[in-house]
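Participant: My structure is below; once you've seen it, I'll send some questions.
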Amino acid sequence: MNDLNVLVLEDEPFQRLVAVTALKKVVPGSILEAADGKEAVAILESCGHVDIAICDLQMSGMDGLAFLRHASLSGKVHSVILSSEVDPILRQATISMIECLGLNFLGDLGKPFSLERITALLTRYNARRQDLPRQIEVAELPSVADVVRGLDNGEFEAYYQPKVALDGGGLIGAEVLARWNHPHLGVLPPSHFLYVMETYNLVDKLFWQLFSQGLATRRKLAQLGQPINLAFNVHPSQLGSRALAENISALLTEFHLPPSSVMFEITETGLISAPASSLENLVRLRIMGCGLAMDDFGAGYSSLDRLCEFPFSQIKLDRTFVQKMKTQPRSCAVISSVVALAQALGISLVVEGVESDEQRVRLIELGCSIAQGYLFARPMPEQHFLDYCSGS
């Protein structure tokens, strides 16, 4: 572990002494200390940066919350460990605030301080620093000419991520996702090209390429005895096209596939200011027999409004609720409520982002039946997906 600057923010002198003494035994580098937020701000200004701030929340003078806000604005603090005993609901709200401020939350230290707990949190910090993916700078994104060339050369490929039954892993369907087989950079996810496509109105061209590839795969699945439903992501900009439903119908006819074999996923945020033509397209698709899914349900601010106004046949619950089940008790209440909502509306529910068996078991207890996530399968190219579906 490299040398670290660790700041202990604690107003109770004995607790601060215990923490500093323990940290000096296990942390290579400098251990700084402050009795309140004002002292901590002064330390930040003098030392340049702090790798980890161990922060008590309830202090006289400038408290921990005010210090965290200042730390975010200064850009001089990387990670935060809480050392306050607070109500679980307040704790979760504080964690959310820390993350919204752009700070990395490592965990709770609790009181009294434990050397074993400090060591575990330092190990977590080191692991996150090593594994943290580097943010893609705009300058590193491919040029529009490169993206257009890739589209013209057929370098964008449909990948498939299964939707499965939680209680047995049986295949229910799959989502079709985009990957770019770049000739020099290898397989690239959407984070490398979607921004350019959205900026230069290339999303529609990508959609039709993926849709054609997906329908060809769906026909092969039928031949394998696996006539499952495939879901395609529709960008909000496409919904205003009067020809969208008509062109989808034409391709389904060309591939001799029923409309019920496909579903279209639309994010809630993409429907906030949807024009009448968008609603017309969605109604036409549902009349044809296609499925419609509200993607990332719960991630925005108007999920229930959208669910009432648009003819959805499926809800895809945003992955954040699954990720927070263990640390935020209210997430479980939200999930069980969405289960009841889907049942009352007579539509299906897919839970996204399932990554552990512990999550799978808890979701079953909450009434969920269909899920998608790395626990079951990562997105895969066509041949791997066909092998997956045939059990080979």
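A Cβ is built for glycine as well, from the same backbone N, Cα and C atoms used for every other residue.
Keep in mind the model is a prediction, meaning the values are calculated, not measured.
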Participant: Select one of Asn153, Asn201, Asn229, Asn233: the residue that Swiss-Prot places in the Mg(2+) site alongside Glu175, Glu265, Asp295.
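Facilitator: Among the candidates, Swiss-Prot records only Asn233 at this Mg(2+) site.
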Participant: Is it possible to get the count of other C-beta atoms within 10 angstroms of the C-beta of Asp295 (Mg(2+) binding site)?
Facilitator: 24
Participant: Round to a whole number and give the Cα-to-Cα distance in Å for the pair Glu175 (Mg(2+) binding site) and Asp56 (4-aspartylphosphate).
Facilitator: 44
Participant: Other than Glu175, Asn233, Glu265, Asp295, which residues of the chain come within 8 Å of the Mg(2+) site, judged by Cβ distance to the Cβ centroid of those residues?
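Facilitator: So the additional residues around the site are Ala231, Phe232, Val234, Phe264, Ile266, Thr267, Ala293, Lys316.
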Participant: Between Asp56 (4-aspartylphosphate) and Glu352 (active site, proton acceptor), what is the CA-CA distance rounded to a whole number of Å?
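Facilitator: With distance taken Cα to Cα, Glu352 (active site, proton acceptor) is 35 Å from Asp56 (4-aspartylphosphate).
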Participant: Other Cβ atoms within 10 Å is the metric here; tell me which of the binding-site residues Glu175, Glu265 scores highest.
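Facilitator: That would be Glu175, with the highest Cβ count within 10 Å.
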Participant: Any idea what the Cα distance is from Glu352 (active site, proton acceptor) over to Asn233 (Mg(2+) binding site), rounded to a whole Å?
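Facilitator: Rounded to a whole number, the Cα-Cα distance is 15 Å.
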